[in-house]
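**Q** Handing you a structure now.
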Protein chains: 2
Amino acid sequence: MTKFKVLLFLLLAFFQAKAEDGYDLWLRYKPVDNVSLKAEYVQALKAYSAATDKSPTIQVAVDELSIAIKGLLGVELKSADQVGEQTLVLGTSASSPYIASLKLQKSLDPLGDEGYMITTKKGNVIIAANTDIGVLYGTFHFLRLLQTQQSIKKLNITSTPNVKLRVLNHWDNLDRTVERGYAGFSLWDWHRLPGYIDPRYIDYARANASIGINGTVLTNVNANALVLTPAYLEKVKVLANVFRPYGLKVYLTARFSAPIEIGGLKTADPLNTEVQQWWKDKADEIYNMIPDFGGFLVKANSEGQPGPQNYGRTHADGANMMAAALKPHGGVVMWRAFVYSNEEPDDRAKQAYNDFKPLDGKFDDNVLVQVKNGAIDFQPREPFHPLFGAMPKTPMMMEFQITQEYLGQGTHLAYLSPMYKECLDADTYAKGKGSTVAKVVDGSLNNHRLTGIAGVSNIGTERNWTGHLFGQSNWYAFGRLAWSHGLSSEEIAKEWIRMTFSNQEDVINPITNIMMASHEAVVSYMTPFGLHHIMGWGHHYGPGPWIANKHRADWTSVYYHKADKNGIGFDRTASGSNAVAQYFPEVASKFGSLEECPEKFLLWFHHVPWTYKMKSGKELWNAMCYEYQHGVEEVENMQQKWQSLENEIDAGRFEQVKSFLKIQKKEAEWWRDACLLYFQTFSGKPIPEDIPKASQTLEYYEGLTFPFAPGN
Amino acid sequence: MTKFKVLLFLLLAFFQAKAEDGYDLWLRYKPVDNVSLKAEYVQALKAYSAATDKSPTIQVAVDELSIAIKGLLGVELKSADQVGEQTLVLGTSASSPYIASLKLQKSLDPLGDEGYMITTKKGNVIIAANTDIGVLYGTFHFLRLLQTQQSIKKLNITSTPNVKLRVLNHWDNLDRTVERGYAGFSLWDWHRLPGYIDPRYIDYARANASIGINGTVLTNVNANALVLTPAYLEKVKVLANVFRPYGLKVYLTARFSAPIEIGGLKTADPLNTEVQQWWKDKADEIYNMIPDFGGFLVKANSEGQPGPQNYGRTHADGANMMAAALKPHGGVVMWRAFVYSNEEPDDRAKQAYNDFKPLDGKFDDNVLVQVKNGAIDFQPREPFHPLFGAMPKTPMMMEFQITQEYLGQGTHLAYLSPMYKECLDADTYAKGKGSTVAKVVDGSLNNHRLTGIAGVSNIGTERNWTGHLFGQSNWYAFGRLAWSHGLSSEEIAKEWIRMTFSNQEDVINPITNIMMASHEAVVSYMTPFGLHHIMGWGHHYGPGPWIANKHRADWTSVYYHKADKNGIGFDRTASGSNAVAQYFPEVASKFGSLEECPEKFLLWFHHVPWTYKMKSGKELWNAMCYEYQHGVEEVENMQQKWQSLENEIDAGRFEQVKSFLKIQKKEAEWWRDACLLYFQTFSGKPIPEDIPKASQTLEYYEGLTFPFAPGN
């Protein structure tokens, strides 16, 4: 067996290096194995027609088509001398005389700057849009049809994005470490820019364009002002040039104190005219180099970052100052609502609302307020943030986390689309029933045209981009939902699986099952019933419910779970912090009622006795024990399902996921054992006999340290 | 074996399809394009014969042969039922009855534990050795013959290594940063070990085995004691298991104060019995997990690292304490002579000699003293270290730098074999003429059987391993010279070029020219005529001859170049620091004489007037100006030669090298302009008219800062 393992390892090494290693993401373009569909595709795609004088974006679309058709169908896609039948025509009415001749403009008008249509006309497939980038998006959609083996006989598709700014946030530092990054280090090789363009930048842009992401914030929200100096802007410019054909705009994080740190001023007071002029000059300098620069993302007065409150000014004063500098150039400010006051609040969950709600109506029209999905911090499960719906005059930009800071980091399989959807589909009741978070974010509830959604990236230097292969599905799902939040998580999963693994049902189904159950599994073995923020201190790796006595209470675990002899949970009803009152009445009364509150949020809003009878009939303590155990069992199920695919999936990707599932299983048990032993010191009740005994003592778990856990 | 075939098939299918990105190093196994040679090879390699009960190492050899033969010749290498003609037979007399029947033992005996023979017997190619690892080394040698298109008709090769320990030193930290690393981050994914084995670990081991490297120190010499804790040793064990079949032993750096930091002791005094016991227990613990653990590399009492001198003990006391702990298990201590006292010396170059020479004869027999090639610190050019030859009773281990800390870091093409050879071939005169450094290191001068050579690795997470593609040639050359220091730099370069690029003369010749001129070019545009240590402060990126007033003088540039109105250079003759006296008389008198001292070392040993007449007839100032300019022109030549290969080399690798050469050109000009403007403030003389004017002022160059330069 040893020999065979060695042999296997060697081959695996080659296989990973040479064959499938995840680098190609969902753009693998492997041969279509369905014979009749392949024939249909080949028949329909004899040639293509695009403008002869191609813009860089149209050139990119044609290149992608050529590579894809060669891979999928094994044929060269030729340029048509003229449009006959079975020609793929792509372009705008302006660039393609043939498309102009089809007189589609009435149908094209509503598609705006980024939408597209894919339609069959006179035996030809037409990909048409009002802009080149619309054509590129349509091209990727068309290729997705082939990759997922859909018929292309009678196409009649139109698509427009729900949200205008669909942006990745990279928490990447200038030294290439990535805050909360678990996929290696930053893609941006700042030191060798501007002289060296890593080809990976192009594949990054391709991947984003393929799912409609149109912006990237290159730098960490915990910002370094140096990125705004000329030497770094030269580097940013090169990235912007590389990304431009793919419709991907570059944004930077702006450190509020930059005028002091790199500008030589004595203050960063937003009402100081020198400061205002400094930002205006800086914006002019940037746009002179990068005419389509997107704008600034700002974290101010939070976790030690400087901000307008340092000068007795409001967040609106700070945001508007930057907005005024960017406005002449068409740039925007994305101002984060994730704030921490210097004082310890009675309830951390209430702070963003308290700070921002009074400012509604005070922000300039090129400012978005960027709000995390929940009021604490990217927990495995949070109720939606009460700011959604609470600031009708202000564009509210959603901030999701794609990287898995609190969700198993680099090795846990957790498909996050259900988590995103749970938030987007939540009803704020801001304007009565049906006022979903999605309608707040897409601007339809309050008629905002400037809308946005951000995802904190899980991308790094690892060969497969996201460290865990299934991290790719979260990047993918984020992009797809940002474009079209009505898609279901299962639809998105199946698209991704078809493109990433196989179009065979016996592969699609088990992987869909794995993915759809995965997020709930993590919640169960980490933070069931609304528990939150009980991870290891600082790095957030592994369980740390015992974390206490840190320099601020709201960075400890005991602050959040409030376990005692009587029970567990944070009373956020009127008898406690009354955070529920930040929601609209219908929501507040539901969350505030012990009986009506969904059990998944129970301990988020209520301090509940250990003996409380759950809907299952079990007492809370026992229910919690079984829920932790259930999480572990769900990982075992995922392992079994994955194992069944051994002969269906290439060895390189199969083995890596298998290794990670094994780690996940071990860590799920660690979470279960550490949390139950710890909470047992309060409940004083036995852990049910049919739950496996912890392999170590509570003291052992409490003593574990991870000084080099990544992402910290 | 079905799985083997399936994997192999898939592997090879992808092998040709994917673009070249440098990942495959010199093990590309591209098809042999010489028709007659290919026929010869196919004819000779009908089948192979190896032991049926294969050891992991023999299995690895057979796997490598199979992959290589398939790639090179497009045929499957079959296992022979019995040895007929045209069979490749590999093994030892013990494992192969056929080899035993050839009665080769008399020829095999002198080959020792690692040597091998490759010989033609009765129409068969025989790869025979005394050990399995010898067979693996022989296999890689045989494959190199095919890769470089040598005839294999009548083989009669024997080979044994000159040096016993051929070791890479990774200055890798536990957070994955790499001190002086310019190829991304550390290969060792500590956080996901032991659960996840990155297949790259195997390819790393393969590459090392292919050039005879038999040891790897995983951690930085600026050590963290945590790597000696059980949690990390579990991770180290997994790496050792992966590397073992490839003959690659694992070593760790041992932090001298570990007994305090992780052992809970109050002291790390090497004469304290508790401390001694702690190290014995630690060694027992390690060997219990890793039976073939190599031993410790130690940096003590240098640049702030703790050491025996903290307790009034000597380096020998410290080394011997660890040696005693390792000795029962067969481990060694590699004790570095690169020391910095806390006091500022009159001449930094003299310190290692002063500290270590008196200790000769005091070290236990499993200690090697590891000495950098020169007495300062991996400068572009240094005279050989005076310790070589000065400690006849002690094994002197060579420490070369493969990573290019002072040699252009991540973007300059500098083939370092000529630099290694210059040192190895230098004559110490320790026992009269012909007492070369190589003879000191290989033990032949003083009859040492324990011998070693270390290279500070340039390997990281970048796709092509070394960041710069030509960095691979330095890894390769280090391994080849460690095995066989008699090889010429040009031979090694040509081998590498044939395997890395092509066997066509019109590719080999220009690349050989580029490589052979490259190190001298760097010396010319950075530190001509023996200048040294004038790089940017801390990160050592770019020129910094103006560095002064730091907290210790011997970390400044002015300390080393000593430029003033009268001249430039460090007087190390009897009228100065008299460092020359550390050399044996023949060398001391040559270096100490202004007339006899080679001009390449002139300013290393002498303070020379600006008007001094050089051998060229030019005055020193003018000669220096033209030498800097010559360096720039050499880079231009390299650019032109590389450009001529555009159609001969795949686009991916061609373009990357081209980009880096462009950066190198720009930086060579930066070095020239900054250094000449700065030194001109002392010489007061004009820069010759025919040298291009600096594009910026001296103040500009002095004001440049690089807070995020990598490797720092």
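Using N, Cα and C of the backbone, Cβ positions are placed for all residues, glycine too.
What TrEMBL records for this protein is below:
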- B:E303: active site, proton donor (ACT_SITE)
- B:D377: active site, proton acceptor (ACT_SITE)
- B:E405: active site, proton acceptor (ACT_SITE)
- B:25-142: domain 'Alpha glucuronidase N-terminal' (DOMAIN)
- B:146-465: domain 'Glycosyl hydrolase family 67 catalytic' (DOMAIN)
- B:466-690: domain 'Glycosyl hydrolase family 67 C-terminal' (DOMAIN)
- B:1-19: signal peptide (SIGNAL)
**Q** When neighbour density is defined as the number of other C-beta atoms within 10 angstroms of a residue's C-beta, which of the active-site residues B:E303, B:D377 has the lowest density?
**A** B:E303
**Q** Enter the number of other CB atoms within 10 angstroms of the CB of B:E405 (active site, proton acceptor).
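**A** The answer is 24 other Cβ atoms.
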**Q** Would you kindly give the Cα-Cα distance separating B:E405 (active site, proton acceptor) and B:D377 (active site, proton acceptor), rounded to the nearest Å?
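**A** On Cα coordinates alone, these residues lie 10 Å apart.
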**Q** Cα-Cα separation of B:E405 (active site, proton acceptor) and B:E303 (active site, proton donor), in Å?
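**A** Rounded to the nearest whole number, the Cα-Cα distance is 17 Å.
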**Q** In the domain 'Alpha glucuronidase N-terminal' (B:25-142), how many residues does DSSP assign to helix, to strand and to coil?
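**A** Grouping H, G, I as helix and E, B as strand yields 51 helix, 23 strand, 44 coil.
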**Q** Looking only at the domain 'Glycosyl hydrolase family 67 C-terminal' (B:466-690), what is the model's average confidence as pLDDT?
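**A** Average per-residue pLDDT within the domain 'Glycosyl hydrolase family 67 C-terminal' (B:466-690): 97.
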